[in-house]
Amino acid sequence: MAEPLLNTDLSSSKTLNPINAQDSTTELHPTSPNETQVTEANDVVVAGEKRKRDDGDDRSLHPMWKTSLCSFFRRQDKDCSHGDACRYAHTEEELRPRPDNTWDPTSERAKKALKTKAEEKNSVSEDVMVTEALVDDDDDGDSNNALSKCLVHLPKTWCSSKLKSFLNDEGIAFKLAKKKKGMALGFVTFEDEEQMKSASKDLDGKSVGGGEKRIKVADVIPRSFEKRSNKENTLLDGETNDDNSKTRNVRDVVTPLAHLDYADQLEQKKTSLTQMLKKLTRNTRKACPNGIPLPEWILKSREIGGLPCELEGIITSPLVNGYRNKCEFSVGYSLEGKVTVGFMLGNFREGVTAVEEAVDCPNVSAIACKYAAIFQEFLQHSDLPLWNRFKNNGFWRQLTVREGRTNGNAVDAETFDGIAEVMLIVQVSTSGVDDAQVAAEFKRLAEAFVAGATSHSPTLPLTALVVQDHQGISNVAPADAPLHSLQISKADSAPDMEGNNAKDVRIHDYISNLRFSISPTAFFQVNTLAAEKLYSLAGDWAQLGPDTLLFDICCGTGTIGLTLAHRVGMVIGIEMNASAVSDAHRNAEINGIKNCRFICSKAEDVMGSLLTEYLNGTKEEVDDPNITGSNIDVSEGSSCQEPENGESVSLPSHCSENNNADNDVSGAEVPENGEKATHCSENVTAENGKSSSQQFKNVVAIVDPPRAGLHPTVIKALRTHPGLRRLVYISCNPESLVANAIELCTPSPEKIEKGNKGNRGWRNMSSAGLARHRSKSMPISEAFKPVKAMAVDLFPHTPHCELVMLLER
């Protein structure tokens, strides 16, 4: 009878001290010894009476004592009211492991363990993904792959000298040790097999980098980029490759949702977006200043499951397979050691360099796969080497295939109906290669592409062939990387690298019956048909009209602003890529649109002055080209390169001239030299003669930033200008949208907090945490509120999609 009484009282005793029941975890916590009294004579429990503590009564003997962090202490950063008697731990040092050898999930130990476990899970196949040898110039051929091992999970900050020091300190005998800074793996070569086995046994599982990670010893499957004479290139460990390559293939890496029905893909994306949007509500609630009431939309969020606004669903893609109009194929070696043009099987930073063909990727068009195969066949017989990612040298680097559709509904991507133009961009590194050899190789390249296109039935469309010369480590080339156009009209003609200006090379695509000119490096949505739905949705939510001034921020080639230009009074497009702005000017002229102005600059440099110019300026100020921010339009012949040291670039003319005719292969009418590329703001006036700044009663901004989101200066300009009442945010990365929305939607404090310039704590903050931190120093202004959100699936078979959110105030 004693046990039931004791259990009943223990369960009810949890309500006796509610102040100390602040931990959010759901596990059963130990009852404080002063809450019940148990008499030794008959074990009868007397509830409600404090018992005297015996000398032998040790509260720490309870298995759950100090196994959870005190939430009051975490929030207030000071001792809670219970002091030493508190059953919860007040520091990480005081925290004890739980009986099942786990830690409080909110503790730093648990977070580090979870991160380490995730990293180890992602590196299952790393030992078979390294297909290029890490060979130093001073090795003199001493590296023996049969006596080499790959060490995985090394600190990325280590270099070869640090790895050698580590091995010497551990007493490991070795011959060579190589480690590239920024990667998580290194290579060690031994004198003989016995030395290698002994070292592998000692190193495998050894803690490194402060004990957070453990070394994994893997077999080396290298692949030098140099050709080997008189023998076929083979793997060193075919059995290992056969067993492990099945765990990862290019289809799973590039299109991880391809195994699901399309309806199930959409449901999974909606669930993911729902969880991401809830972060906006939680973080904005945390960021609200003390003494300021919570916004109404946060209070109402409980009615819709914690969402900041209604997620109205996902708009499907009209084309599910073969929808990409741009594919970037890497050049490398497959797991079998074959020269391959395709996609990498993982992250290079983790040592994954294997490349596999993209034939099984459903998002890649048939045309793109055909050209990748043609290029792959050409490389088999090329005398110039492939780019080696370890040594950062070589010649052939990447192939990009860009496609342009006709004006009309595209049919099945397996046929070529609907794709009328194709641009091929081959990225190379000509450093250290003889010019004559380069020219001869380019001639052979052009002949190979022309022959491959014409030999196919039906003939593959081929509009332009461009070579990009890039010397950097990554394949992501800067905007000013040299471009050369190769002649493809005649297969027997030598490529003219001097006479053809690659900046004039264009293909064309259609969105909402408008024709868009696309240069080699300009941004254009990869799913054209779904982009039409995306832009139409943005225009509907923006509530446009003849009295609307529309800011198209991060406008690219002007697709959003131009498709909506007929619904507004004027469009101001802002883009930092000069080639894209040049395309935007051409696109406005091609489609006869005259109420657009495109500005080549970083949005953070000009957004504030533009809002002031068009909303607060007088007629004279708008027409004055000396006003800051109004003299930065770019023409076809001008350049707008990214400025050095963060300084802005001021271009000479307010309304630019079009100095180059459009290289239009379809025969459309183009402007003659000297005509205006677009009409500037002084030409846009109301019929009654009032100035442009007085004409626009409704000011709307549509932003479509890159994955990193908007620059803090742009967010500040949008937030602090009272004339901007409506904002449509289009994001390809919902995480950055949430971070930017936190700054836009958090109420202003009564007093602005000045940031500590010497504080480096932001380096370890999440994007949402950093946004909360920035919101504290946001100038006092009226906050936006999220009104509604909608997803548009531009990327079937992948976890990604575009998210559109309407913000108003």
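Glycine too: its Cβ is placed from the backbone N, Cα and C atoms.
Taken from TrEMBL, the feature compositional bias 'Polar residues' covers 8-40, 627-663. Summarising the annotation, TrEMBL assigns compositional bias 'Basic and acidic residues' to 48-60. Marked as zinc finger by TrEMBL: 64-93. Residues or ranges marked as domain 'C3H1-type' by TrEMBL: 64-93. Per TrEMBL, S-adenosyl-L-methionine binding site is recorded for Gln525, Glu575, Asp704. What TrEMBL lists as active site is Cys732. As annotated by TrEMBL, active site, nucleophile applies to Cys732.
Taking every pair among Gln525, Glu575, Asp704, the residues listed as contacting S-adenosyl-L-methionine, the largest Cα to Cα separation comes to 15 Å. The candidate set comprises the binding-site residues Gln525, Glu575, Asp704. Of these, Glu575 has the most other Cβ atoms within 10 Å. The record gives Gln525, Glu575, Asp704 for S-adenosyl-L-methionine. Within 8 Å of the mean position of their Cβ atoms, the other Cβ atoms in that chain belong to Phe523, Phe524, Cys554, Cys555, Gly556, Thr557, Thr559, Ile560. The separation of Cys732 (active site) from Asp704 (S-adenosyl-L-methionine binding site), Cα to Cα, is 8 Å. Cβ contacts within 10 Å of Cys732 (active site), excluding its own Cβ and spanning all protein chains shown: 18. Averaged over the domain 'C3H1-type' (64-93), the predicted model reaches a pLDDT of 73. Looking at Gln525 (S-adenosyl-L-methionine binding site) and the residue listed as 'active site', their Cα atoms lie 11 Å from each other. Cα separation, Glu575 (S-adenosyl-L-methionine binding site) to Cys732 (active site), rounded: 17 Å.
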